[in-house]
Amino acid sequence: MFYSKNAYLSMKEMTVNAQYILNYLLPRGWTKNAICGMLGNMQTESTINPGIWQNLDEGNTSLGFGLVQWTPATKYLNWADRNGLKRDHMDSQLKRILWEVDNNEQWINLRNMTFKEFTKSTKSANELAMIFLASYERPANPNQPERGTQAEYWFKTLTGKGSTGIQLAQFPMDIINITQGENGSFSHKGTLCIDFVGKHEKYPYYAPCDCTCVWRGDESAYLAWTSDKEVMCADGTVRYITWVCVHDENLLYNVGKKLKKGELMGHSGKGGRATGDHLHLNVIEGNKYQGWVKKPDSALAGTELHIYDVFAVNGVEIVNGLGYDWKTSDWVDGSDENNGDDKDKDKDETKNIVNLLLCGALNGW
């Protein structure tokens with residue numbers, strides 16, 4: 001639930017929207033500090049309201065619109081229309097902000113911090129509010145310390161439980177040594193499959209996340225798995241994933257078996273059509289196993305994903321990564337990023353609201 005209308009929101013309504021934004025961005029790798037720094041700015045810009053027009057002048061596209069008051073409004077509106085998104089929907093505007101992070105849009109590095117670095121920062125919410133003000137909003141009057149005060153308020157007030165249960169998808173081996181890459185001429189033509197060898201034959205690999213076995217193919221020596229929940233992928237995307245591990249000569253599990261992240265999943269091998277001991281991996285988006293297709297070589301049916309975009313390589317030794325963009329991640333499984341001290345929350349809440357009113361934070365722009 002969130003509020004979206006061409007009107008100034010009340011503190012109660014802003015709190016609902018602020019919590020929604022926190023819950024949306026935490027699982028996508030943002031720190032609570034960064035989110036609250038941005039919220040401190042959104043409060044002044046829009047009363048944290050995706051449906052508001054600057055000065056309530058609805059339809060005046062030369063002015064600002066939305067959470068961060070994109071100006072002119074067409075900067076956001078045209079993008080939303082091109083992507084088939086509802087203009088005044090909270091998710092649409094948060095997707096736009098995530099797109100700006102990924103595409104280096106809107107942000108000008110005026111405080112020695114990129115937009116991507118901002119999203120991961122553990123500096124204080126107050127300081128991050130000032131960085132967001134300078135590098136993203138860039139108003140005519142840069143002297144607005146109340147935005148930092150507002151950021152501190154949100155940091156103390158919001159519960160920060162948005163990422164509970166989200167796990168990082170971890171590469172299943174402790175070594176990367178590729179023998180055949182994507183579109184490999186031997187047996188990977190047209191696919192994103194990759195073959196890996198371990199430090200010795202029958203090398204163990206482990207569950208990259210909590211998952212369930214959804215298919216067993218004895219003739220081809222493979223098991224198919226789906227993540228039990230959406231996972232944080234190496235590229236920063238939260239999604240369900242389905243994958244196959246092929247060539248284990250002694251398949252350990254049957255359909256329906258559940259594994260916890262880090263539990264033994266299998267071993268490299270020569271089962272099926274293999275000329276040497278290795279692990280064959282292929283990953284698709286979603287939580288539905290759909291069988292195989294020819295591309296012209298065999299791959300999972302569905303939207304294939306680059307393995308290096310899915311599995312983080314934290315602690316993994318890379319012997320031969322074929323130059324692919326393997327990534328580490330600072331995501332902590334189940335972390336709610338709630339580093340604030342809630343002991344004094346109740347007695348501070350009234351004082352913070354009064355401070356916000358005194359500094360004119362609810363007047364907008």
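The backbone N, Cα and C atoms fix where each Cβ goes, and this holds for glycine too.
The active site, for lysozyme-like glycosidase activity annotation in Swiss-Prot covers Glu45, and the record cites similarity to another entry as its basis. DSSP assigns Glu45 (active site, for lysozyme-like glycosidase activity) to a helix in the three-state reduction.
For Glu137, Arg138, Pro139, Ala140, the entry in Swiss-Prot reads substrate binding site, with the evidence type similarity to another entry. The Cβ neighbour count for Glu137 (substrate binding site), using a 10 Å radius over every protein chain in view, is 20. The secondary structure of Glu137 (substrate binding site), as reduced to three states from DSSP, is helical.
Taking a C-beta cut-off of under 8 Å and a sequence gap of six or more, Asp195 (Zn(2+) binding site) has these contacts in its own chain: Ile178, Thr179, Gln180, Gly181, Gly184, His188, His278, Leu279, His280, Leu281. What Swiss-Prot records for His188, Asp195, His280 is Zn(2+) binding site.
Look at Swiss-Prot and you will find 1-159 tagged as region 'Lysozyme-like glycosidase', backed by similarity to another entry.
A mean pLDDT of 51 is what the model gives for the region 'Linker' (160-165). Annotation source Swiss-Prot lists region 'Linker' at 160-165, citing similarity to another entry.
Summarising the annotation, Swiss-Prot assigns region 'Probable metalloendopeptidase' to 166-365.
Between Pro139 (substrate binding site) and Glu45 (active site, for lysozyme-like glycosidase activity), the C-alpha separation comes to 10 Å.
Within 8 Å of the centroid defined by the CB atoms of His188, Asp195, His280, the record's Zn(2+) site, lie the Cβ atoms of Thr179, Gln180, Gly184, Ser187, Cys193, Ile194, Val246, His278, Leu281, Asn282, excluding the listed residues themselves. With respect to Glu45 (active site, for lysozyme-like glycosidase activity), the closest of these binding-site residues in Cα terms is Glu137, chosen from Glu137, Arg138, Ala140. Taking the mean position of the Cβ atoms of Glu137, Arg138, Pro139, Ala140 as the substrate site, the remaining same-chain residues with a Cβ inside 8 Å of that point are Leu133, Asn141, Pro142. In the three-state DSSP scheme, His280 (Zn(2+) binding site) is classed as strand. With all protein chains in the displayed structure included, the most crowded Cβ environment within 10 Å among the binding-site residues Arg138, His188, His280 is that of His280.
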